[in-house]
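S.K.: My structure is below; once you've seen it, I'll send some questions.
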Amino acid sequence: MANGDSPDQNENHCSAINSSILLTPGSLPTLTLSGKIRVTVTFFLFLLSTIFNTSFLLKLQNWTQRKEKRKKLSKMKVLLKHLTLANLLETLIVMPLDGMWNITVQWYAGELLCKVLSYLKLFSMYAPAFMMVVISLDRSLAITRPLAVKSNSKLGQFMIGLAWLLSSIFAGPQLYIFGMIHLADDSGQTEGFSQCVTHCSFPQWWHQAFYNFFTFSCLFIIPLLIMLICNAKIIFTLTRVLHQDPHKLQLNQSKNNIPQARLRTLKMTVAFATSFTVCWTPYYVLGIWYWFDPDMVNRVSDPVNHFFFLFAFLNPCFDPLIYGYFSL
């Protein structure tokens, strides 16, 4: 490295994306028992998520066909359709990639696929997170500013398009920073070891720290804050309305009135936020810990490490159950 960074700093930012392994010559990774369990659980969740999300898409399609041809899907069902597509994309890209990578341990697919799959992986993680933000914003506006939403029928389509666009743009740096490295075992037991990593792609160590923090913020912190704020506004608005007219509480027994629909919306958005928080918090806690202390890999047991990473794969499995229960 042609800079003034210390060796420790260089080591920190020349790390592998697959954070479950540590690449150091002479100590090359192997597929452990806990790794085999992780692979098994990963492919099991892959099957569950694929079945759940595909089933919901088919249910939406059948629901549409039963309606009159002149009617379109409601705005909420359009949003749920795009969230399902985003979850399905994450399922079909991230889970098989993680499972196969843990089986092979090293990277055999070459430089091009290293870059392309790294891009698709992050893109498929951005998309569902941003789509959850769109749903939260749309439901919040529908309750707090219903007239403004009705007067701007294209707002939902704009937010959906923006979510997909930002996902593709924010994942773009992956095409540049990821590449192949080749390591040799000091013991001479292996002829070579290839891995797809961000090895020394950043001029200085803090550049990677900034990129990691930006990615973490866009994938987790910002979406979570927006969902919490939107839910708080929905609760505040409904509480104020019911306080002004307590008799509306009795109307909630009917399935054909606005208060009941609003309460169902509140329950669904809260369930989304809860699932998002529960599933992704362990994953990012481990990731942040690794950013600030790469040696934590040697202190945290291998089973705990794999267990925390598996939490993230639960989210695309839970989402179709949530919106299937509350919307259809």
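Note that Cβ sites are derived from N, Cα and C of the backbone, with glycine treated the same way.
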S.K.: Candidates are Asn18, Asn53; I want to know which one Swiss-Prot annotates as N-linked glycosylation site.
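M.R.: Going through Asn18, Asn53 one by one, Swiss-Prot flags Asn18 as N-linked glycosylation site.
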S.K.: With the domain names in Swiss-Prot as our guide, do Trp63 and Arg264 land on the same side of the membrane?
M.R.: yes
S.K.: I want to verify the bond table. Which candidate from Cys114, Cys218, Cys230 sits on the other end of the disulfide that Swiss-Prot records for Cys196?
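M.R.: Its disulfide partner, as Swiss-Prot records it, is Cys114.
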S.K.: So, do the transmembrane segment (78-97) and the transmembrane segment (307-326) meet, by the test of 3 or more Cβ pairs under 8 Å (sequence gap 6 or more)?
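M.R.: Yes; at least 3 Cβ pairs under 8 Å.
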S.K.: At the Cα level, what's the spacing in Å between Cys196 (disulfide bond) and Asn102 (N-linked glycosylation site), rounded?
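M.R.: Rounded to the nearest whole number, the Cα-Cα distance is 13 Å.
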S.K.: Once near-sequence residues are set aside, which residues in the chain of Cys114 (disulfide bond), 6 or more away, have Cβ atoms under 8 Å from its Cβ?
M.R.: Trp107, Phe178, Gly179, Met180, Cys196
S.K.: To what whole number does the mean pLDDT across the topological domain 'Cytoplasmic' (233-281) round?
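M.R.: The average pLDDT of the model in the topological domain 'Cytoplasmic' (233-281) works out to 72.
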